[in-house]
Each structure stands twice: as C-alpha cells, then as structure tokens.
Amino acid sequence: LAKYPEIKALMGPDPHLKWIVSGMVFTQLLACYLVKDLSWKWIFFWAYAFGGCINHSLTLAIHDISHNVAFGNKQAKWNRWFAVFANLPIGIPYSASFKKYHIDHHRYLGGDGLDVDIPTDFEGWFFCTPLRKLLWLILQPLFYSLRPLYVNPKAITQMEILNALVQFSIDLIIYYLWGLKPVIYLIAGTILCLGFHPISGHFIAEHYMFLKGYETYSYYGPLNWLTFNVGYHMEHHDFPSIPGCRLPMVKKIAAEYYDNLPHHQSWIRVLWDFVFDDTLGPYSRVKRLCKLAKES
C-alpha cells in the first residue's frame, strides 16, 4: 500500500454482486421446476453438471459477502441477510456458520485449534494412500461441516438459527410445490460439487504446501469466471476487503509482488497431484501455534 496507494481505491463493495447472485438463485429455483419430473439418474446428472456448479459458486459468493463486499462494511446486517438469500439453493444452512469461522481463517491462518480449514490428525493419518485421499476429496463437504464442531466449537448464534429457519422453510416450500426431486437436486448438487469436482480443486490449491516454504497459492485460469476469482488467493489474503472482481487489478498494479510467486495452472492437475503424489496429503498444511491458542 505504501508503494501503490491506488490499491485502496479497490476496496469497498461490488455493486454488481447482488445482481449476479440474485440471477444465480432464481436460475436454481427455475431449475427446481424443470427437474421435478425427471428420472433420478438425470436428477443426479444435472445436479453434478449444472446445479452443483452454481451452488459451489454461490458458496464462494457467500465467501465474498462474508467480507461485506455486497453492501459495504457500514451495512453489515444487509450483508448477513443477503448471504442467507444466497444460501437458498444450497439446500443446507451454511452462510452464518461460515462467517463465524472464516474470520479466524484470515486472522489465524494455519492456527492450531483456531483455523478449522486445517485437517485433523486423524485425517492426516488415515487418508494417506491414493484411494483414501480420493475418498477424502469426495467426503470434503462432510469434513468441512463437522470439523469445526471438533476443532473449535463455538456457541450457536442467533443468525445461525435464523439461517436454518429460513433455509428449511424454503426447502419445505419447494417440496410442497414440486416434490422431493428438486430438493434432492439442490442438496445433491451441493454435496457432489463441493467434493470431487474440478471446481473443488481450489480447496487444495489455496493452502496445501506443494512447494516447501510456500503456504498460499494463486490460480489465474478460466475457472475464476465461475468462482468470483477465488483463485486470486494470495491477493485475497493480502487484501480481504477487496471484492473478487477487482483482485486481478491488484495483481496488475503490484505485479512484481505476485508474478514471481509459485502458482497453480490447473485445479484438475492440483487434484491429480494431491491424490497420486506421495508427498502430498491432508498433512501438507502449515500448522502454527497462535497466541490465542496458547492462552486457551
């Protein structure tokens, strides 16, 4: 910032985010109507190939919204409720809990007992062969949802309760209007596309140590178009208040700080290497003791 103060102008809300997210939510509601009479094999096909991609993208929109980039820092409640709205096609309440834990991920990156992105010792010990690592990738949604309850349990907030009430109410309305298949389409898409799916390569690409001494990596490929530029991850951790749509400008302005850093070329290659490279696995994360962890 001292060298490039113009980066400060990139901070602040993204005026287009609310419209993009709204379009995605209504697209999924339309899809619920369109799939209601399909056979089960096509329900799961479209959940993986289409709906789940939108739902995964919406989880990354919620990630951006958790940094208040939909309506700005002065409208925190608007951001929280808009995240609940973005959550609707995901089928499972997620946004409020994500916000609660994601703050710690930025504040205590790699912090033992604080950053719940860090796999547990059991995960690192058990999922150590190619087949087991593949299973771990498939089960990622399960570990991401249950790990915080084991690693760093926090009291349930009022916003989490409201998030759940709104989510399950919409699920019931969809079930009442169009039956079980659209509800399964939404939830199955979320589970499948947060598991073993090309977009899910970002989970591994972001902070798994492919090269010793480098703990965070960016990816500048085309899948950023579907993921609100979450691939610009080094830039995001440097400037979490800058919305994803402007992170490429950060790299362009301060090119000498990013161009020579190792980065990933392909999220599919990331998944392949993670499964078949014996030096990679759930243990391939930097884990550090943070001050708060020592005090507790």
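Glycine too: its Cβ is placed from the backbone N, Cα and C atoms.
Here TrEMBL flags 16-35, 42-61, 81-98, 161-178, 184-205 as transmembrane segment. Marked as domain 'Fatty acid desaturase' by TrEMBL: 41-263.
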Subject >> Segment-segment contact (the transmembrane segment (42-61); the transmembrane segment (184-205)) at 3 or more Cβ pairs under 8 Å >> reply: yes
Subject >> Beyond the flanks of the transmembrane segment (184-205) by at least 6 residues, Cβ under 8 Å >> reply: 28, 31-32, 35, 43-44, 46-48, 50-57, 59, 89-92, 134, 137-141, 144, 171, 174, 217, 219, 223, 226-227, 230-231, 233, 264, 266-271, 274
Original post:
Per-residue pLDDT averaged over the domain 'Fatty acid desaturase' (41-263) comes to what?
Top reply: 97
